[in-house]
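Starting off with a structure, shown below.
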Amino acid sequence: MARKRYIATGNTFTDLHYSYRLGISTIASIARQVCRMIWDVLKTECMPEPSLEIWQEIRDGLEVCANFLNCIDALDGKHIRITKPTKSGSLFLNYKHYFSIVLLAICDSNYCFSFIDVGAFGKNLPESRPLPKTSQPILSHVIVAEKAFGISQHVLRHYARKNLNYKKKVFNYQLTRARRLHFGNRTAVSTVNMTKQFTTLNLPMSMDGGVMPCEGNVEVTFLDDPENGRLPDVVAETKINTSSNMEYSETYVSIAVQVFIPFLIAGFGMVGAGLVLDLVQHWIVFEVITEIVILVPALLGLKGNLEMTLASRLSTQANLGHMDTPKQQWSMIVGNLTLIQCQAIVVGFLGSVVAIVMGGIKSYSVELDHAFLLCASSLVTSSLASFVLGLITAAVIVFSRHCKINPDNVATPIAASLGDITSLALLSWISTVLYDAIGEEDWLAPLIIAGYILITPLWVWIAKKNEHTREVLHSGWTPVMAAMLISSVGGLILDFMVSRFEGIAVFQPVINGVGGNLVAVQASRISTALHREEELGKLANEDTVIFITPKAGFFGKGVHARTARVLMLMVIPGHLIFIYTINYMKAGHISLTPLFVFVYLCASTLQVATLLYIAYIMIHWMWKRNVDPDNSAIPYLTSLGDLLGISLLAIGFHFLYLVGDRDAQLDI
């Protein structure tokens, strides 16, 4: 009776123990023996292992009933609740917050299960073939599944985005017709709904292959290694796969809420950077070694480029589901941290060289101790800031995914929120320490430079060994170098204007940072969308027009135009908050007259609008030419933002001086 009750109801061994006064181990032994006998006798009749002929028969049936070519089955799965395995940690903890394994089943065109298992290796599929009445292309046979399953050569799922083109809608319709086979089986057959019959499978770890009968007398093996009690290498991946392929149906409100708070945090970080720059510009090291002022925009821009490029890369990988397991996170984060160490050291060195050269052109002389100080300060600042900010960026992205927030909306502003103020404070402190060492410890700056030269090959070797950063290590230098040159031009403008308008220094990090942050958000979102829709080098039908008009860029119906409108609406409120915060802190050596506020807001609005329009064209142009925008677009955009910001700010200050706005105390 215990055997029949177990097979009929799936009750737990403990329940049967109290009902029939039998020991739990006795019931387990009976159940195991009976199920194994049933399986041995009936498996070839009820569920034979699919052969090539069976797969081809299923394929032909699906072509008739679902009009889906080369499809050999519909796939779905259910969580089977289990007692927490010993020493498993959180390995089998699923998104419903209980421990389980996933029972996978595939069914044919007759609503019959072809195969049920908790995972297996190998395959026995028919050879690839062309579609009927064609000779090319040769296509693989596929299984259709829901979005919880990752796309692979033999697994297809729906396009999940809104505003799909006609071809994608037709594909979704045909795939749904094929997947409806599983919808019926979900409610008709207890195999897939087994979790409704019992709560927990209390399977002792000493069982030699604990089995559970399914309808059709199918054996489901829960222990992969009976002798050692090792559970199979099948994890409840529903949480991982579902979140990795999550599509964000974002409205104006959701975009604004997710972007505006990090935008404000980043903005206050830049206000802090402006206040620091306003303070340190009077330090003796800045007054004696004026090349540091040239270095500031270039170094801050380069650091911002590295951090925001890192944020864009990791956000895209997170949205594609490549950072959902601890192993993936470790590999991705370690590889990218070593990569940005390489980039930070190189660009820090080159940035100091450019500042030395430009300062030498301006003053017609170069002092060796000042050159060593600039180089060492730039290297230490770049390296330390990159490491700390890289860790913060990675943590923000992982936390965003955990909270189901689009990391594209928050990672780049957060990455920049502490970047400028941290880098500027480090540069000021380190350059002051090294300046005080001149004449007493002249060896300190050269020793620092030599140390970084020696350690750089180690970072290069680690980044080259990591599969996630190997390509970027070779191809990611051109944008960073070009961005450095563009930002250095902005540094020359700042160095020239600071001597005429002292109040300009406090606003430079704010206007540059706000523009760079907003365009980085847009760039990261566009890049992620392109990675989702098509492979590199190919554009979806709705994106084939690269050089769009400004009207289409800001007032179109697409998601990128909607995001651009939301970002533009943040410019004026954000800048008003930031400049009045600066005024409240009594920094900047100016008073906020109505004319000054109007001119400043016009300059900042024009800067952001120009950057957003350029971003759409540049990213699609890069994608079409097989250039990954995650690695290349943001350096160009943020450096252009720096140049535009300081140029428009200089024009605005000069205009106010010409019209006689003396209340702003612009003339020094």
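Each residue, glycine too, has its Cβ placed from N, Cα and C.
Source: prediction; values computed, not measured.
Found this in TrEMBL, in case it helps:
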- 75-180: domain 'DDE Tnp4' (DOMAIN)
- 296-429: domain 'SLC41A/MgtE integral membrane' (DOMAIN)
- 508-650: domain 'SLC41A/MgtE integral membrane' (DOMAIN)
- 252-277: transmembrane segment (TRANSMEM)
- 283-302: transmembrane segment (TRANSMEM)
- 333-359: transmembrane segment (TRANSMEM)
- 371-398: transmembrane segment (TRANSMEM)
- 410-431: transmembrane segment (TRANSMEM)
- 443-463: transmembrane segment (TRANSMEM)
- 475-494: transmembrane segment (TRANSMEM)
- 564-583: transmembrane segment (TRANSMEM)
- 595-623: transmembrane segment (TRANSMEM)
- 643-660: transmembrane segment (TRANSMEM)
Looking at the domain 'DDE Tnp4' (75-180) alone, can you tell me the average pLDDT?
70
Do at least three CB pairs under 8 A connect the transmembrane segment (475-494) and the transmembrane segment (443-463), leaving out pairs fewer than 6 apart in sequence?
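They are not in contact.
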Would you say the transmembrane segment (475-494) and the transmembrane segment (643-660) are touching, if the rule is that at least three C-beta pairs must lie under 8 angstroms and be 6 or more residues apart?
yes
Name the range, of those listed as 252-277, 283-302, 371-398, 475-494, 564-583, that has the largest tally of Cβ pairs under 8 Å with the transmembrane segment (333-359).
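So the stretch in question is 371-398.
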Any chance the transmembrane segment (564-583) and the transmembrane segment (252-277) have 3 or more Cβ pairs under 8 A, given the pairs are 6 or more apart in sequence?
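The answer is yes, given that the two segments have at least 3 Cβ pairs within the 8 Å cut-off.
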